[in-house]
Structure formats: structure tokens, C-alpha cells
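> Feature list, courtesy of TrEMBL:
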TRANSMEM  106-129  transmembrane segment
TRANSMEM  135-160  transmembrane segment
TRANSMEM  181-202  transmembrane segment
TRANSMEM  208-229  transmembrane segment
TRANSMEM  290-315  transmembrane segment
TRANSMEM  327-344  transmembrane segment
Amino acid sequence: MEKLKSLRSQMNIEPALIFAAMSMSFLLTSQPQFQYWARCIEIGQEKGFNDSMCERSEIPDDDEFNKEIQKDISEMRIYIQIANSLPNIISAPLLGIWADRSGRKIPLIFSICGFCIYALLYIVATLTYRHINVYIWFFISETIWGLSGGSCGLIGTMFAMIIDETRKTPNSGNLAVPFRIVLGAALQNFGGFAGNIVITMLSDLNSRYLICAILQCIFIFLTLSYVVLFSHETHHPNRIIETAYETGKVSVDSTSQNSKIPSFTSRYFSEIWTSIIEVLFRKRRGWVRFCIITSLGLSVVELIVLDINYIYLYIKRPHFDWSDRTFSLFMTLKGLCAATGMLLG
């Protein structure tokens with residue numbers, strides 16, 4: 001029993017991180033394929049084309065039908081990103097404040113619940129694409145996921161729990177936190193790699209999109225179940241204050257003088273956004289500030305340019321004309337390289 005408790009204390013949130021990464025890999029790889037396929041069928045029905053054309057990808061590059069599909073997806077993808085990004089900009093800092101004030105576990109459960117709703121709506125989209133426009137379900141699911149913190153809130157809270165637990169470990173050393181972060185990132189990439197392998201194995205099945213949606217839902221519900229039943233809280237703000245009183249680091253007089261605690265709203269609009277701007281304009285040695293701003297700009301460009309939905313549209317055109325199996329193999333190789341790079345780095 002003691003060995004099980006020791007193993008559980010060492011591996012607190014990491015299994016949930018693997019499950020969540022597998023669920024997200026099903027989403028990132030299968031959703032562009034399903035979106036292209038569903039819109040091909042929907043637009044084809046409006047124009048009286050045969051659905052088998054979408055399955056075999058026999059549409060030439062200069063065909064107006066193919067151009068209409070790609071234009072439709074590329075334009076709507078912008079609005080879908082906005083539906084997720086705008087709520088996420090507001091909810092992610094709020095989720096961080098909530099986690100700092102009340103602990104990490106409850107905000108993490110809240111974020112996972114948002115992704116569970118997303119996964120359920122994705123299943124509904126795969127079942128009703130012939131009767132209901134898939135963009136309706138995509139807009140609803142992306143908005144809900146954005147309001148619950150999105151992927152950044154979910155993964156970020158998990159890594160915050162890993163850092164908290166590492167700092168509390170006695171004799172952890174200066175390199176313990178970076179090592180646990182790298183290990184967690186490697187486990188995340190390994191989970192994505194495993195999910196892409198499963199998608200590659202299912203790529204020849206007719207019902208592959210529905211199966212991927214169901215697997216995505218299963219793994220995110222496994223994540224939720226593990227976090228609720230087996231993970232333990234790593235951040236106790238009330239306990240930290242009590243410890244400070246006991247050790248004499250905080251006196252009653254000092255707390256009475258600073259009795260005016262800033263409200264939740266003022267902290268959100270002043271401290272959070274002021275600190276973000278301050279990071280960019282703070283004076284630093286040499287080229288550090290330039291590198292920070294450049295890295296931030298390149299990250300934004302990467303998120304826009306390397307959107308997997310746009311990549312999928314590109315590889316569906318000649319002279320690539322990739323099948324879904326080839327695209328799944330590409331995502332599997334990409335995940336393997338990322339996981340290997342994390343371990344070697």
C-alpha cells in the first residue's frame with residue numbers, strides 16, 4: 001500500500017496529461033479531414049454532385065468545385081478561430097487568478113469539462129453532417145472551449161501542478177523544475193504520438209471520423225475521471241498564509257495596514273495586463289528584450305501560418321494530393337520528432 005501511495009505521489013497529474021494529449025491528437029488530426037469531407041458532401045449536395053467524389057479526392061485543382069470548398073473552409077476557419085480566441089483571451093487569465101486563489105484542481109476540472117462538451121458536440125457533428133451544417137457545431141464547441149480556458153488553460157494548469165509538486169519535493173535541486181517540465185512536455189508529445197498512430201490505423205475505415213470522435217471523447221472523459229478521483233491538490237494558498245504567520249514572516253500589524261485587498265476585477269485589468277506589457281518594455285541587458293519580442297511575434301506567426309487546417313487544404317492540392325492515411329502518417333512522424341526532440345533536449 002505504501003508503494004502505491006509513493007507511486008501516486010510521484011505521478012500525480014502526468015497520466016491525465018497523456019490522456020488529454022491523446023484526445024487532442026484525435027482532434028487535431030481528424031477534424032481537418034472530417035471538415036473537408038463534410039463540406040465537400042454538403043456543397044456537393046447543393047450542386048448535385050456524387051458523394052463518392054469526396055471520398056476518392058478525384059476533384060482536379062482547376063475545378064471550381066474544389067476551389068469553392070477550399071475558399072469556404074479557409075474563410076470560415078478565420079471566424080472559428082475568433083470564436084475560440086476572443087473568449088480565451090478573457091478566460092485564460094481569469095482561470096489563472098482562480099487557480100492562484102483557490103488551488104489548481106477545481107479550475108483544471110472546469111477546463112476539462114469545457115473540452116468534454118467540445119468532444120460531445122464533435123460526435124454530434126459527425127452524426128448529423130448530412131442534415132445540419134457542421135459549422136454550427138464547430139462555432140458552439142469552440143466558443144464553449146474558449147470560455148473554459150481552451151487548450152492553453154488546460155495544459156497550462158497541468159504544468160502548473162507539476163511545477164508546484166516539484167517545488168515541494170525535498171532536495172529537488174535547481175534542475176528539478178526544468179527537468180519535470182521537459183518530462184511533462186515529452187509525455188504530452190508521446191500521448192499525441194500514440195493518438196496519431198491509432199488514427200493512422202483507422203484511416204482506411206469508412207466510419208473513421210466517427211470512431212476518432214468517440215475515442216477523443218473517451219480519452220478526455222478518462223482525463224476528467226483521473227483528475228477527479230486520483231489527482232491531489234498541489235497549491236494551497238490558505239496553508240501558505242498560515243505557514244507565514246507561524247514562521248513570523250507575516251505579522252498581524254502588516255496585514256491590518258494592508259487590509260485593502262484589490263478586487264478580482266481590478267487585479268484582472270491592472271496587474272495581469274500591466275505585467276504583460278511591462279515584460280515587453282522592461283530594460284534588459286544586450287539583446288534580451290529584442291529576442292523576447294521577436295519570439296513572441298514569431299509565435300503568433302507560427303500559430304497563424306502553421307494552422308493544421310490550412311496545411312491540410314494545401315496538401316489536398318496537386319502536386320501533393322495526399323490521402324487521409326498519408327496525412328495521418330505525416331502527423332505521426334511530426335509527433336515522434338517532437339517527442340524525441342523534447343527527450344534529447
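From the backbone N, Cα and C atoms, a Cβ is placed for every residue, glycine too.
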> So, do the transmembrane segment (208-229) and the transmembrane segment (135-160) meet, by the test of 3 or more Cβ pairs under 8 Å (sequence gap 6 or more)?
no
> Below 8 angstroms Cβ to Cβ, which residues of this chain, lying six or more residues outside the transmembrane segment (106-129), approach it?
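Beyond its ends, the transmembrane segment (106-129) has Cβ neighbours at 20, 23, 27, 31, 34, 38, 41-42, 95, 98-99, 137-138, 140-142, 144-145, 147-151, 153-154, 157-158, 161, 209-210, 213-214, 216-217, 220-221, 223-224, 227-228.
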